[in-house]
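J.: I'd like to ask some things about the structure below.
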Amino acid sequence: QMSNSSSITEFLLLAFADTQELQLLHFWLFLGIYLAALLANGLIITAIACDHRLHTPMYFFLLNLSLLDLGTISTTVPKAMANSLWDTRAISYVGCAAQVFLFLFLLSAEYFLLTVMAYDRYVAICKPLRYGTLLGSRACAHMAAAAWGTGFLYAVLHTSNTFSVPLCRGNAVDQFFCEIPQILKLACSGAYLREVGVLVVSVSFVFGCFVFIVLSYGQIFRAVLRIPSEQGQHKAFSTCLPHLTVVSLFISTATFAYLKPLSLSSPSLDLAVALLYSVVPPALNPLIYSMRNHEIKDAL
């Protein structure tokens, strides 16, 4: 038993397996997913940056999304791969704090960006004549900066709060990366009440964005159903579906990870959910966006 958090110099992450062969299997599996995510997001970033036909608000936000996805998966997966390869579980105290901060920063910035992208689709479909004025290049830059900036502030708030909580239940984190719910499990009883206040703030934030996205899509679907031609409807839906898919995947997995009751908490379930919201979206998002999208296919 550790007496307090000041004596903790490192945390122990969850080991995927107890045998060297299985450790290596996890290493190769993670390497495959990681390289796929790097390649897919890298291609999208390159295509959007190099093809002037894709210099529109929708693709500008998609470029930002790919950058955030690259960051998110690079925060958690390489460290887990290194640990599997060197057969260790350790992560330094500073490394753990950095992981929590970067992961939260990129994840929350991504959520705010997805909210902005819902607004972009709303204006494109419901107010097409004002699209150029409402979403000029300066407005787009401001919105993207606001998403990144809000994510940054949010991560500062959460990380400083989590790491100021005294820990007295050892230093073993039941996850393959440093995740706030798992670190709070090590807190002394009653010490996590401060985090509850921060959680209330974040839940209201998340809920506010969620309501905004739902309302935007309500308006979008009403507008699309009024389009007389079936071809027009199809085109409008095909630009919205990828975004809607990504949002649903993102919100459902992250909400389950952070708000599921403790009675449901088992190491294997926690692990599956963490993989679902931290590793799967960055690898899948580029596919979801480019599968139905002719402009990106042409650019590639």
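Backbone N, Cα and C define each Cβ position, glycine as well.
Whatever TrEMBL says is automated annotation, not expert-curated.
The model shown is predicted, which means the values in this text are computed figures rather than measured ones.
Pasting the feature list from TrEMBL:
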DOMAIN    40-289  domain 'G-protein coupled receptors family 1 profile'
TRANSMEM  27-50  transmembrane segment
TRANSMEM  57-78  transmembrane segment
TRANSMEM  90-114  transmembrane segment
TRANSMEM  135-157  transmembrane segment
TRANSMEM  196-215  transmembrane segment
TRANSMEM  236-259  transmembrane segment
TRANSMEM  271-289  transmembrane segment
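Each of the listed features needs to be described in terms of its position in the shown structure.
T.: The list of residues near the transmembrane segment (27-50) in space but at least 6 beyond its ends in sequence, with Cβ under 8 angstroms from a Cβ of it, reads 59-60, 62-63, 66-67, 69-70, 73-74, 77-78, 80-81, 84-85, 279, 282-283, 285-287, 289-290, 296, 299-300.
Below 8 angstroms of C-beta separation, residues 8-13, 61, 64-65, 68-69, 71-72, 75-76, 79, 83, 144, 146-148, 150-152, 154-156, 158-159, 162-163, 173, 177-180, 183, 206, 209, 213, 243, 246-247, 250-251, 254, 278 of the same chain, each at least six residues beyond the ends of the transmembrane segment (90-114), sit close to that stretch.
Panel annotation: around the transmembrane segment (135-157), residues 57, 60-61, 64, 101-102, 104-113, 115-116, 119-120, 123, 198, 201-202, 205 of the same chain, lying at least six beyond its termini, place a Cβ under 8 Å from a Cβ of the stretch.
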J.: For the transmembrane segment (57-78), I need the partner stretch with the highest count of C-beta pairs below 8 angstroms, choosing only from 196-215, 236-259, 271-289.
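T.: Out of the listed stretches, 271-289 contacts the transmembrane segment (57-78) most.
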J.: Near the transmembrane segment (271-289), which same-chain residues lie under 8 Å Cβ to Cβ, leaving out any that are not at least 6 residues past its ends?
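T.: That would be 14, 30, 33, 36-37, 40-41, 43-44, 62, 65-66, 69-70, 72-73, 76-77, 103, 107, 175-177, 179, 242, 245-246, 249-250, 253-254, 256-257, 260, 296.
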